[in-house]
């Protein structure tokens, strides 16, 4: 058979031909020049990244007649013999089919013999992770102390399956996936050498489908050339790789953003009718939104985009779709992609994901009016406060001239505090309970912010705990309307506050609200009643009961006694 596949014809023959592995080739070249190469190497990495090719190039370089050199000359008898496989001293073994103990024992017995044609005998064991445990054990001693004329190069795609005793005896080099840009650059050289005509963008599609493997890319290129004929077109590359045009993906993405379920399902059906794989299609959508998110957050990093070519349509769509919507779409598509692995009907999961994204977008949009409604309520409260300032505060301004604060006379009170209940709390109130509550108040407000309870936090801005017992506390409000809303449990505010306090303090405490204008009178009445009770008692009082009760409520450090 005269024809050879492109990946065989253009297999790297020098280190400079190995694409995307400069960190490895540079290290090996320096070791060759300084004659400090090891007796055993482990090359690990994804398929098609150059592990076996680098091993054969290294074998040629150490045995080149012009050694020490950093590149094989490919002209001497040793280099040519290793390239065409005629030199028996460079042995390439497939561990997948030679994984038994007997095969490794055969290597162990023959390794002691000196090479016949070149300086070093090189064993290249491909897919070494396929060896059995017994075979690895048989290789241990030879790998640790091989003869001076012998070099082992182990190659694997799954290094985690190799025993640590083997890995510790080798110099390990990890081959990385080749970038799409590097693959395209290599394919451009190949099509120029083959004098092939390719349409702009077709090589990028093939490189993207290769998933970082140069051999996969060249195999796809070979297939696409055979299919296309004279000119390799973008449509041919899309058809061969099973990829989807960015035009279709952008159209589907726009339908999802516009919440147009009908157009989205129609576009999806059109793509599936063309024979596109649902799993591959949903993966392309995930990468499309991923690239859009990166471009949106860091426009200068176009080099990190995997699948997308930044055009005018992509730019416009990235400006229209908010980042939060991209997060949600990526999350939904990723979950559906995982679920596709366990079903015989992947199309259904894709269609459900499309409908769910559109509905989620509707729900996200519906959340905005709720925020607007809360903001309107806050504005209404602020307007009510301003109205109270103009109608009620003027009358209250005269209260400092009186002996005790009174309820404003500017109008009838809409809320009357539960005096009896407040008196009961004051009888049981203690300073430690009040201090505990006040110290926890900041955490309570922070918790409300985490809950997104904007209206609840607004009600507590001008409130203050003034008395607390073991099972209830009194909360003073600057504005009567705030006190009334809490007492009536509007929007569940009182219930929510009591639940938060219970989770923080470990005990339930009932909230009793009192307006600031009424609090002074209620407290004064309680102190007077308590003083009369103490005066009617037969027990002598060592301290003025009024002062004692005041100390109990607000603390002795805040009391100043004047004769």
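Here the Cβ of each residue, glycine as well, is placed from N, Cα and C on the backbone.
Among 64, 150, only 64 appears in Swiss-Prot as part of the Zn(2+) site alongside 73, 76, 79. Summary of the Zn(2+) site environment: with the site residues 64, 73, 76, 79 set aside, the chain residues having Cβ atoms within 8 Å of the Cβ mean position are 60, 63, 65, 66, 69, 72, 74, 75, 77, 78, 80. Taking CA atoms as the reference points, residue 73 (Zn(2+) binding site) and residue 45 (ATP binding site) are 27 Å apart. Scoring each of the binding-site residues (49, 52) by how many neighbouring Cβ atoms lie within 10 Å, the top position goes to 49. Sequence-distant neighbours of residue 79 (Zn(2+) binding site): residues of the same chain at least 6 apart with a C-beta under 8 Å from its C-beta are 60, 63, 64, 65, 72, 73. With all protein chains in the displayed structure included, the most crowded Cβ environment within 10 Å among the binding-site residues 47, 51 is that of 51.
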